[in-house]
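Engineer: Would you mind keeping the following structure in view while I ask a few things?
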Amino acid sequence: MEADPWVPVNIGGSDLLAKAWFGDTQYRLLLSDLNTVWEEDMTAEDIQSRAQDLNKRLRAPTQAFFSHLCSVAQPCFSSQNDGQISAAHMILEQHGDNLTVKLKSELAGLPFCWEFRCTAAPVGVVCRQLVRPLLAVTRVLQRQVEDLAALLARKDVEIQDYQENGAVLSRARLQTEPFEVHKYRENFFTKIVPQMGVTLDSLGFDSELQALYMAVSSGETGLKRKRSPDSNPAAEDNHISEHHKHVTDVPTDVGSSLASQEQNDVKGSSGRPQEADSKQTVLLPSAAAAGSKERSTSRPKKKKVVARIRRKVDQTACQ
C-alpha cells in the first residue's frame, strides 16, 4: 500500500483524497480532507462480524460477499469511477474525530449495507503515507527543474554556435532570449504563481503526480518484500517496527556473552590469541592462478634443499 497513490474522490458531495487496498478477505482504507487523515484496517473476522450486524438476513461466507463489496466500493475509492455511474450509494457522516462512509447496494436481489468506520490516523501513519512521500516528490520535481534549466543552457550554447557560423532564423517570431535561470525563477514566483490560484486546501492530484508518487514511494522503502494478494499493509508496518525494535534493543548481557564467545573462537589450540583479519579477500581467477603457480614452483625448491642437506649428512658420516 506504500506505493499506491492518493486519488481525489467525491463521496456524498465531499471532496476527499483516498487511498485504498483490498485483499482477498481484508482491506485498509485511508481518507483525508487535508485537515485530518482517517483510516480503517479490517480483517476477515472483523468483516464477517460487521456484515452480520448490518445485514441480518445475510447467510454467506466472508469470501462470497466480500467480492461484491470490493466490486462496488473499490471504484468509489479510486480513479476507476471517473465518468461512470456507481452501483452503490454512499453517504458520508462525521462524528467528532471519526468518519463513517455508509454504502448501500444490492446483492443477489437483496439489499446489502456496509459501513467504513474510519478513525483518526496516528501521526506516524500520516507522515509515512502522506508527508514523507510528498516531500520526496517535491525533491524529485526540483531536480527535474534543475535538469531542464541545464538543458536550456546547453541549447542556448548550441544556438549561439549556429548564429556564429552564419545561421539565420527564417521567421523572426521564433527569436528567443537566452535563458537565465535566476531571472526566470524570480518572474515565476512573483507573476506566475499568484495567477495560478493554488490554495493550501487544494485536492488536485492528477495522474502525472500519482505516477510520480508511485515511483517515489516504491523506491523509498528499503524493505522490498514480495507481498501476496492477501497480505496486510498494516501488519507489514508493524513487522518493520518490531524488526527495528529487536535490532536496537539488544540486552547488555547478550552482547557481553557474544563478545566472550568471539574471543574464544579467535584463540588457537596453543591458547594464544590468533590475529583475526576482519577483511575478506576475494581472489580473481588470474590472481588465484598466480597463487597456485607460486605454490607449485615452491615445492621443487623445498625438495632441492632437503636433498642438499641429506648429501651433507652423508659426507659427514663417511668422514
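Every residue gets a Cβ built from N, Cα and C, even glycine.
Unlike curated records, TrEMBL annotations are generated automatically.
Features from TrEMBL:
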COMPBIAS  254-267  compositional bias 'Polar residues'
COMPBIAS  298-311  compositional bias 'Basic residues'
DOMAIN    5-119  domain 'XLF-like N-terminal'
DOMAIN    125-170  domain 'XLF-like coiled-coil region'
REGION    220-319  region 'Disordered'
Engineer: Give the mean pLDDT for the domain 'XLF-like coiled-coil region' (125-170) on the 0 to 100 scale.
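Structural biologist: Taking every residue in the domain 'XLF-like coiled-coil region' (125-170) and averaging pLDDT yields 92.
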Engineer: Please work out the helix, strand and coil residue numbers for the domain 'XLF-like N-terminal' (5-119) from the DSSP assignment.
Structural biologist: 30 helix, 53 strand, 32 coil
